[in-house]
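What follows is one structure encoded as structure tokens, with my remarks underneath.
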Amino acid sequence: MTSELQRQHLRGEYDNVAGDGYPGDHHSLRLRRLPSQMSIHDLPHYNPSLSDAGDSEAGDHGQPRDLRSLPLPMAIKKAKLKSRGIQVPVLSKVELWKQEKLKKLRKFQTQAREFLYFLVLWGKTIQKIGGNFGGGVKSYFLFLRFLVVLNFLSFLLIAGFVIIPSLVFRQVGTSFMNSTGNERCTIYEPNPPGLVVFYNFFLDLLSGTGFMEYSFMFYGYYNNTMVGNSSFSYKIPLAYLFTAVFYFAFCLICIIARMGSAARVAVATGGSTVVNYSMIVFNGWNFGCLGETATKLKQKNLLYRLQVDLEEESLKKRAASLTLLKKFGLHSLRLLMALLVLGLNIAAFYGIYYATTYSQEQQNKRVNKESDGVQDLFFEYLPSIVISVANFLVPLLCDQIAKVEHYSPSITVIVALLRAVVLRFVGLGVLLFTLWNQITCTGNMDDAKCKECSYNYASYACWETRVGQEMYKLTLFDLLINIAVLVLVEFPRRMVVDNWSSKVSQMVGRQEFVVSSNVLGLVYSQTVVWTGALFCPLLPLINTVKFVILFYCKKITLFSNCRPPQKTFRSTTSAFFFLVVLLLGWMLASVVMIYSIAVIHPSRGCGPFRFSDNMWSIIPTSFYNLSAATQEFLFFIGSQAFTIPLFSLSGLVMCYVIALFSIYGKSVGLLRLQLKRENRDKQFLVKQIEELSR
């Protein structure tokens, strides 16, 4: 009876509230508040003795109902929670202490995550870019941030094991001299440092010559120094070689780790467009968005993702509706365009080869002549200029060709990236091939130029420094080109489009941020750094500064000069493909490093390997200087008794992982098939309900 009176009292207090506990459409939200003249004693009080009866009446099979589903005031809900808490067995002091520590630990973890979020490099900027321009443009800036961190960590590795020890041990260490061989080949006299005018200082800074040639930036500065006593030994040649190898291994591990995470995201979000649409609609929203700005950015990001799915689905339907004759015509057109792109690339390769040969000939002619300023600088930068012009014009023509091939947006990005990759990587390979031919006399050691010193000493007294200078000029010139394009092309274009209302300006319009060409620029720059890091140890630091400047330049041009892309593409697939292209660049640079270490004779007048037949020969020499126990251990690691069990165990683990991956793949396929069937069943039930309701 008391319970019934209490319910009637509650109905009287909330008779202006709808059945679901909220005011109706004709009531104001202020009616949900209790009158101010009501005392706290007038509020309905909770009697614990009535709890069980009320719960048993409302629930099924005697189970209490959830408090959130009961139309009760918050005060009564709190009282019911307290009464239920009294019935819980009392915890011991140790368990209470553990719970308290667990709560504090979780709170600390939450605060640490919030603090680390503010320490993420360019986190808010990249989130803003993703909201305004879509995930495709955002993937470029994420890729750029990854390369900045990678180059900075690589510089710390090189500085810690090569640069700093060389500077510290240079005065206290012992440099070995060679008593055999031709003394003429050991003479290396770079331009001596002295008082120069600012004009020549600026030219040396751009070309890496003069005061920069014999500095710790380039290979020729480092000696074959060794510091050792009874308890400590440090060899600069060994550290130089091992650091280069570990540098490449470290970059490979970082790329593979990033590819693994990108592949997991691509697999999770790939597949059917219907499944991806459901994931965006039901799981895409981030309830942690705080503020109007973050909410709008997330809304725009979801809009771009839905636009990608709808556009790709429409293209698939259009491709499926083509007749056999139209498909044959489309594939014939694509083949013709591919041949045209191949012709453009061949022309660019020939131009790079001719420019490199001519530049080296002009530089060799003026070895003993007085510098001619701007003309000499032009000859030094001639290969870089030709490569930059080819990298600008050919991808631009390829983008226009891709418009008539009718690929989907995501496939268009990948095809454009592949074509530009071939151009840039092979162009860099042509440059290096031309240099190696001139250094090694095309591999003919009996040639008069290479017979005396085993390499072309007359033209390349320290060929490692010369190669490092070429990579330095390529890196610096690429940065200057990006800044010049921003200032001289992109800003004037935006001003003309915004302030000149002609048909030409409106037809041209604001530029779009082309992700494929920009990503390829990053991959090309990183490949140049990997190629030249063996000959220019400071190149990773220079590239770090370059990428930081490039980030802000691209950010400025994106928000000031670019419009949102008309055709979006899936960022998950593209992010994985960007790393695949970066891995190809790493492989090209690795081939160059292996060839330089194992085949070409080091310069006899400079560098830590000046008295070795090749750079790798320092490894056997250092191995036989180790203790007998260490040699036996290393011999055991390289013996069959160790390698055969290791490879067998690795094969078993690999087979297990492959089998597990196959099982998981089949399980995922079955679950997706089950989701599709349930979706069809629901659609069938909805149709049946509609037919019965008529």
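Glycine is treated like the rest: Cβ placed from N, Cα and C.
So that you can see what the record holds, here are the features copied from TrEMBL:
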- 58-68: compositional bias 'Basic and acidic residues' (COMPBIAS)
- 462-571: domain 'TMC' (DOMAIN)
- 45-68: region 'Disordered' (REGION)
- 142-169: transmembrane segment (TRANSMEM)
- 197-217: transmembrane segment (TRANSMEM)
- 238-259: transmembrane segment (TRANSMEM)
- 335-356: transmembrane segment (TRANSMEM)
- 377-397: transmembrane segment (TRANSMEM)
- 409-436: transmembrane segment (TRANSMEM)
- 474-491: transmembrane segment (TRANSMEM)
- 528-553: transmembrane segment (TRANSMEM)
- 574-600: transmembrane segment (TRANSMEM)
- 642-664: transmembrane segment (TRANSMEM)
Completion exercise
Listed stretches 197-217, 335-356, 409-436, 528-553 vs the transmembrane segment (238-259), most Cβ pairs under 8 Å: range 528-553
Problem - Secondary structure content of the domain 'TMC' (462-571), with strand meaning DSSP E or B - result: 85 helix, 4 strand, 21 coil
Exercise for the section: Looking only at the domain 'TMC' (462-571), report the model's average pLDDT. Expected result: 85
Problem - Cβ contacts under 8 Å made by the transmembrane segment (335-356) with residues that lie 6+ beyond its boundaries - result: 382-383, 385-387, 390, 394, 397-398, 401-402, 404-405, 419, 422-423, 426-427, 430-431, 434-435
